[in-house]
Amino acid sequence: MITIQSSFPLKSSLFILLLSLSLLHFKLSSDPTVNQSLTLTQNRTQPQPQTTTTRNNYIIRFTVYKPASDHRSYLESSLRSDGWEWIERRNPASKFPTDFGLVSIKDSVKEALIGKIERLGLVKDVNVDLSYNRGLLGAAFENGKKRPGKIFTSMSFSEEKNCHDSGLSNSSINWSRHLLMQRSQVTSLFGADALWGKGYTGAKVKMAIFDTGIRANHPHFRNIKERTNWTNEDTLNDNLGHGTFVAGVIAGEDAECLGFAPDTEIYAFRVFTDAQVSYTSWFLDAFNYAIATNMDVLNLSIGGPDYLDLPFVEKVWEITANNIIMVSAIGNDGPLYGTLNNPADQSDVIGVGGIDYSDHIASFSSRGMSTWEIPHGYGRVKPDVVAYGREIMGSKISTGCKSLSGTSVASPVVAGVVCLLVSVIPENKRKEILNPASMKQALVEGAAKLAGPNIYEQGAGRVDLPSIRSSDYFYFLVRLESYEILKSYQPRASIFPSVLDYTDCPYAWPFCRQPLYAGAMPVIFNATILNGMGVIGYVQSPPTWHPSDEEGNLLSIHFTYSEVIWPWTGYLALHMQIKEEGAHFSGVIEGNVTVRIYSPPAQGERATRSSTCVLQLKLNVVPTPQRSKRVLWDQFHSIKYPPGYIPRDSLDVRNDILDWHGDHLHTNYHIMFNMLRDAGYYVETLGSPFTCFEANQYGTLLLVDLEDEYFQEEIAKLRDDVINTGLGLAVFSEWYNVDTMVKMRFFDDNTRSWWTPVTGGANIPALNDLLAPFGIAFGDKILNGDFSIDGEQSRYASGTDIVRFPRGGYVHSFPFLDSSESGATQNVLLNSGMTKADSPILGLLEVGEGRIAVYGDSNCLDSSHMVTNCYWLLRKILDFTGSNIKDPVLFSESVKQDMPLYEDDNNLPSRRTDVNFSMYSAVMGKDLICQSDSRFEVWGTKGYNLHVRGRNRRLPGYHVIDLGRGLNSTVDTTKSRRPKVMGKNKGDSLGNRYLGLLYRDELDVPELVASHWLVPAVVAVTGFLLFLSIWRIRQKRRRRRRSGSGRLANL
């Protein structure tokens, strides 16, 4: 019996000890510093990283130009650690000083080593050597999966078909080839032959063509000066045909496919492989070589949505700062708005759009505005000019001609025009007169404005040389052609666009669609300053508004602008408001805005150069509309790509997985904006928190497809605004499902890291916090299907469901398929013939003095991937929220809720804890401050009734991101905090947290961080002490037995 009693504690103690040791071992194995890119539950269908690859290439940018050997010696003398290797770059640029180096770094030491490198005095930064990929199919994603290489949008890389998808429907447009003249003579359409007749043919102009190369001794070219290869392939030839075609448009001399400047000196930079792949480091070397060899013009017929590839973007600035005129295609993502490609969207680059032979904007040509500035500002006008880009004839690889279409064809058309214009200026004066700003001034001021397209479709208009058609006689009278402008050019600064005329519709869209009125949010117009006087310039004194008459004093303008204008360009933003005394004014306000720019003296000059820029304004003003017709659009809480991986809203779209069109009223919601104006609504944009507007001025606050969090002050104010001030609230949500987001992540072969969505189509957990005071919440289903309300057919595309709604409200439900990961089993059963389950998707509610409408899908308002629109529903919702007009169908007694919809807190969608959301948020870790897009009186404050300078709200930290080495990829999970939420999130129990560790989930509340090591340690110590005490007891008993046996033996 004693043996049994002593055996049980011993076994128990051994078990506890082993359990403790295993917990300690488990803690070490789940340490967050060990490759956290694999912490998410892996989907076996996803591409996995190849474990055999242990090195990746990184670009180290230095602050000075030196021979590559000097940079290498500097690193070797400064870094005493192993794990990195210098990569020799054997190309023509190696004989010139460089400002970067390429190194290979082992993954196992990259964090520590990169940190050491970035702390070196001569190092600017370290970036992954990104790969560019331009495929035949164009898109970077196919069937929902990322192709190798950097993300690029579609390019012109295939021969023209006789029909082209309009991008708006399933129909196609047939483009006949009959022209007023032979299409091979497109040069004549721009008046090139007139300049040829004057002896200007592009002679002694050095033209750099960054593309796929060109073959030696091509019969179409008389002046191929140099061919260079920057790829890892051992050839100078063009085996794809694109580079040859581009060169032919610029300088070909075949009679069937004439180029614009046949005497131009061609320098062919082969920067793409036969597989259409390139790397940032190849471009950087090639750009440096173009600078070192004094190129005059550079054509780059590529582009993509990532304007945050800083080594590339900043090198483009350096290219233009060295007086190289860069021409680039604006992109082939039309007719969608907000789809400008980089680098053509940069102000120092001439961005080119495409038109057809009828002077209509080509359907494929990307539209503006630029999206760098939004959601907290307003974009710039792009493209700069347009040129013919449909069925243009150019050279084939070896001989003969073919036709291509696209903006990458329109780009060399403008590059050829530029070469002609450069040759107009005597060679000894070119560097004095010609620069990226003066050339852009000549192009935009000499362009022919087209009738029909707006400013974000055509920019200044069709590029022009001498007058080219009899129909252009009027333009000939009121403007000088680009040729005449350059012939008499004197260095000066100017503003583009130079006129904002509200009476000029549709060209001045969207400004001409909605007049100004008192009490509105500022209307922002973002103009570009072109400084032809020097690469650097300054604003001499603040811009000034000069009204033409007394009524002009009703206009108040605040200005924001570039303090330093470099390289060659800057911005001037007008924030326009009508003063309160103009609340009843109706009419036109005219006047000029002037700003004086100065630059340092040119070589040989003593006096500074200065110039006064003029922007003409002609603005329509109306009396302040009634409150019910004023709608406030929330732009502040929108997040887009880049920098975050924000997934698309419609999961049915497999080849465009990123939400990168801006989500602005004037980009992918432009059709909705026009519809609201046609319906008599006045729509304003809020680019600051909810505390920065007065609710009693607006009928409805419109929230559509929002991804950001909300300040607690915003949540409290909105509750008061709706219940006590009578503000209407309309919410169009989107899908949010963590399992689906995990499935959407992909491994990027360039950055060697996982890209994971920051959020879903919308940030449902944040929206639920915002709507919690009203008893409303969305779920995590992903619903798809067709439905009808009052005869209106609609498509519900990847929308979500309503899971909470108060009693007395009106809720509409329809049978849909749930395509979320959690609904997969349901779909299998449904496909077997079961009835679809009804899901609530539309709710309408009166609460206090206000009214609320919520709908679970926004794709029907977004023109990017719309199947059917729901503008009819939006109008009915705004009638209700703004004017309390109740549609009898929407407010039928059959859909009135006798009992509330309710879902337990634990079942509501929860936030992700494996991404650093604060990196992309304007809320988390940020100050609550009204920015310059709010009313002037609250600039720099926390808002109305909160006129205290914003404090830093230390919101959730989430996990630290490996910036520049992988989008949203987790590499460290230090003590993280989650946002405060209105309830307990799913999986927040202690048991669930520790069970989550078995699946490599991470703790997400600070109180339990210590338990990562504390609990196993306490258990281990307790087990060890228990084992030691029992062992000592057993030893004492054994000694007693031995002593007892000895006494018996003595007896």
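Glycine residues also receive a Cβ, built from the backbone N, Cα and C atoms like all the rest.
Caution: TrEMBL annotation is automatic and unverified by curators.
Values in this document were obtained by computation on a predicted structure and should not be read as measured data.
What TrEMBL records for this protein:
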- 1-29: signal peptide (SIGNAL)
- 55-128: domain 'Membrane-bound transcription factor site-1 protease-like N-terminal' (DOMAIN)
- 202-454: domain 'Peptidase S8/S53' (DOMAIN)
- ASP211: active site, charge relay system (ACT_SITE)
- HIS242: active site, charge relay system (ACT_SITE)
- SER408: active site, charge relay system (ACT_SITE)
- 496-624: domain 'MBTPS1 third' (DOMAIN)
- 625-896: domain 'MBTPS1 fourth' (DOMAIN)
- 1013-1033: transmembrane segment (TRANSMEM)
> Between HIS242 (active site, charge relay system) and ASP211 (active site, charge relay system), what is the CA-CA distance rounded to a whole number of Å?
Replying inline: 7
>> Within a 10 Å radius of its Cβ, which of these active-site residues (HIS242, SER408) has the fewest neighbouring Cβ atoms?
In response: HIS242
> Per DSSP, what is the residue count of the domain 'Membrane-bound transcription factor site-1 protease-like N-terminal' (55-128) in each of helix, strand and coil?
Replying inline: 27 helix, 30 strand, 17 coil
> When you measure from the Cβ of ASP211 (active site, charge relay system), how many other Cβ atoms are you left with inside 10 Å?
Replying inline: 27
>> In whole Å, how far does the CA atom of SER408 (active site, charge relay system) lie from that of ASP211 (active site, charge relay system)?
In response: 11
> Taking DSSP states H, G and I as helix and E and B as strand, how many residues of the domain 'MBTPS1 third' (496-624) are helix, strand and coil?
Replying inline: 11 helix, 67 strand, 51 coil
